[in-house]
Amino acid sequence: AEKIKICLQKQVNSSFSLHNGFGGNLYATEEKRMFELVKPKAGASVLNQSTWIGFGDSRTDKSNPNFPRSADVSVKTANKFRSLTGGSLMLSMFGPPGKVDYLYQGCGKHKVFYEGVNWSPHAAIDCYRKNWTDIKLNFQKNIYELASQSHCMSLVNALDKTIPLQATAGVAGNCNNSFLKNPALYTQEVTPPEKCGKENLAFFTLPTQFGTYECKLHLVASCYFIYDSKEVYNKRGCDNYFQVIYDSSGKVVGGLDNRVSPYTGNTGDTPTMQCDMLQLKPGRYSVRSSPRFLLMPERSYCFDMKEKGLVTAVQSIWGKDRKSDYAVDQACLSTPGCMLIQKQKPYTGEADDHHGDQEMRELLSGLDYEARCISQSGWVNETSPFTEEYLLPPKFGRCPLAAKEESIPKIPDGLLIPTSGTDTTVTKPKSRIFGIDDLIIGLLFVAIVEAGIGGYLLGSRKESGGGVTKESAEKGFEKIGNDIQILRSSTNIAIEKLNDRITHDEQAIRDLTLEIENARSEALLGELGIIRALLVGNISIGLQESLWELASEITNRAGDLAVEISPGCWIIDNNICDQSCQNFIFKFNETAPVPTIPPLDTKIDLQSDPFYWGSSLGLAITTPISLAALVISGIAICRTK
């Protein structure tokens, strides 16, 4: 009789690298970084498609006859905007004659503003002020600030008011022989005309609600005339100019009083109108002005102030041959938490010179999607926690941290072989091992608990000579995940507080934030090293367990035909058990040799591999099996006589 020894043989050669883990080691033909570095995409995006709203003009207006060629956004995104061709928030606030007057209102946790160009130097609006840019800057800044603290906002286009009987609506030749809707100009008709008339006393009320919109705070334009000297105003002997707003307690909240404040001292015969932006609570207010003229607030924007939210402002400029201003840009840059989207090239439209710019379409294409992170540097929707460069604030969501590629730990991949147990098998994963993305995508401080690494390793596996059990390793992963969740919450709260404080001239806070993020990145990289070691050990143990199951199945199939002389080795009488018999024992004839273990079902190919040492005779088994987060893909047999 000829007896042969058949063993499951270690099949590692120089193409394999060794990976050490907690509780077990692995040989692998390949390795990969746990995460790749991601690069943010330039432009705007949102964290949640259901909780954002946009405010725009013709470039986001679906009702424009040239849509979609006239638009800088997709049809999907246009549906999210409150827009009208020719409109702007400021035009609706002041209502200059001959301009579009649109009722802007809506609700959203994230507000995207792409408007403003329709009130720019090209519009040539006068009405006692040839250059409105500084007022526009102040207006936009207040809009962004209040919008970031509110869920809903609405134009209030008709305030309740009481006007003195002696005042009647006035007009101005430099305002298309009309005047703004807000403020309204009232004048006194005095007989004889050389007399001054009486002081004006008027009242207006800011409501607590406008339609369905709650109003906790109003943005009001407090407008008044600026005279260069008393003589310019006092041609009729009417003393000093004043226009002052008082709250219900008699406190001054806005306006100008040349009875106590000096005139400009410039030379000129025509006054200029100035409008300051006031944030006022609902209530009744009074306006007192010197004889002859009264500028009366008639409109406001109301905000519910119910929750902090996100604000994105998009640069709004004309194409060639039209003069633009950059008030939107400056307003956003000076408002904490405002994200600004800017073009790098001149505006070049498709429908005409001013509508349908390709660069702007690309910058706004991200509004069609949900991002994991939005920032001044761009948006990210990949799951990696690392990026090559520091993302500039403000930033919101689960934002990646800056890291060097070589600092990211590597995990084994390709064909995997444990270094102990019943010796060997190999696996070729068809999907990502474990849910690492879900486990550590928080991008925050992580730390080792007082118990150290041992706090995660709760058990041992006696039959494999030590190490951790699969169950204890899973508990370890759960503990790491819980620790990370806790740290994620506390750290993100701290970062949000810093976001609230950051403005573009607060370099010290920027530096502090950068230091904190660097510390977060280093801590996360350290924790990933721990997870990598646990992962290697867990896979190694799982592979060893699968080998025990495989060896047990072979022994059971062999019955009395083969004698197991050591784990993974059998003696067979070649005269009693010929080749077909051996094929039955070791090749399984396409049947499943290992019980399935949920949850991962993977189609695998178990076969010999030219990388391996040992006999050229190999087992070929093709069967669907499931082994937690791993799959077997090859073993070989060593024959000895």
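Backbone N, Cα and C define each Cβ position, glycine as well.
Per Swiss-Prot, active site, nucleophile is recorded for Ser58. In the structure as shown, the Cβ atom of Ser58 (active site, nucleophile) sits within 10 Å of 24 other Cβ atoms.
Marked as N-linked glycosylation site by Swiss-Prot: Asn13 (among others).
Reduced to three states, the DSSP call for Asn48 (N-linked glycosylation site) is coil. Every protein chain considered, the tally of other Cβ atoms within 10 Å of the Cβ of Asn48 (N-linked glycosylation site) stands at 13. Here Swiss-Prot flags Asn48 (among others) as N-linked glycosylation site, drawing on sequence analysis.
Feature annotation from Swiss-Prot assigns N-linked glycosylation site to Asn131 (among others). Neighbour density for Asn131 (N-linked glycosylation site): within 10 A of its CB lie 12 other CB atoms from the protein chains shown.
Residues or ranges marked as N-linked glycosylation site in Swiss-Prot (evidence: sequence analysis): Asn381 (among others). Same-chain residues at least 6 positions away in sequence with a Cβ under 8 Å from that of Asn381 (N-linked glycosylation site) are, in sequence order, Ser45, Tyr369, Glu370, Ala371, Arg372.
Annotated region 'Fusion domain-1' per Swiss-Prot: 2-27, in sequence order. Per-residue pLDDT, averaged over the region 'Fusion domain-1' (2-27), rounds to 74.
The residues of the region 'Esterase domain-1' (28-138), classed with DSSP into helix (H, G, I), strand (E, B) and coil, number 25 helix, 25 strand, 61 coil. Per Swiss-Prot, the feature region 'Esterase domain-1' maps to 28-138; the stated evidence is similarity to another entry.
If you look up Swiss-Prot, you'll see 138-296 marked as region 'N-acetyl-9-O-acetylneuraminic acid binding', on the strength of similarity to another entry.
Here Swiss-Prot flags 297-351 as region 'Esterase domain-2', drawing on similarity to another entry.
Marked as region 'Fusion domain-2' by Swiss-Prot on the basis of similarity to another entry: 352-637.
Annotation source Swiss-Prot lists topological domain 'Cytoplasmic' at 638-641.
As annotated by Swiss-Prot, transmembrane segment applies to 617-637.
Here the Cα atom of Asn131 (N-linked glycosylation site) is found 23 Å from that of Ser58 (active site, nucleophile). Secondary structure of the region 'Esterase domain-2' (297-351), assigned with DSSP and counted as helix (H, G, I), strand (E, B) and coil, comes to 7 helix, 15 strand, 33 coil.
Between the alpha carbons (Cα) of Asn48 (N-linked glycosylation site) and Ser58 (active site, nucleophile) lies a span of roughly 25 Å.
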